[in-house]
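Inspection log for the structure reproduced underneath, given as C-alpha cells.
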C-alpha cells in the first residue's frame, strides 16, 4: 500500500486525491511492501524557487523528484521521497501540447514516481527503458503514448 501525503499549496485546479493515489500505486506496484511519499502541488513562484535552488534552473518546471535518503530501518514505513508538481505548468503544457489534463497529470505523476524508484533518462538506454515503462503504464490507463512521433513535444524533463 502507498501512503500518500498530499500537500496543496496551489490555487490551480488539481486532480482528485484518489486519482493521484491510483497513478502512484500503478507506477510503484513493482515495489513490494508499504511505502510513503509526498506530492506537493505548487504555484509557479514556489516551483521556480525550488527549481532554482536544487537544479540551478531559473524557471518553474512541471515536476521535481526528491528521492528520500533515509535508511528504511529508521522508519515505520519506507519513505520513497517527494514529488513537487507545478499546477500552472501542467495546465499550460497540456494545452500547448493538445493533451487532456488527465493524461498529462497521469504521465507526470508516473514519471516522477519512476524517478523516486531510481529510473532516469540521462543516458539514451536509461531513457528508452523509462519511457517504455511510462508508455506501458499510461496505456493501462487508456492514455495515448506521450512520446509518439506524431504527438507534440512532451515537455517532460526537456532541460535535463
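We count from 1, first residue shown onward.
Each residue, glycine too, has its Cβ placed from N, Cα and C.
When Cβ atoms from all protein chains are considered, those within 10 Å of residue 111 (Zn(2+) binding site) total 26, not counting its own. In three-state terms derived from DSSP, residue 111 (Zn(2+) binding site) belongs to a helical segment. If you look up Swiss-Prot, you'll see 111, 115, 121 marked as Zn(2+) binding site, on the strength of sequence analysis.
Around the Cβ of residue 121 (Zn(2+) binding site), a 10 Å sphere holds 19 further Cβ atoms from the protein chains shown. The Cβ neighbour count for residue 115 (Zn(2+) binding site), using a 10 Å radius and every protein chain shown, is 22.
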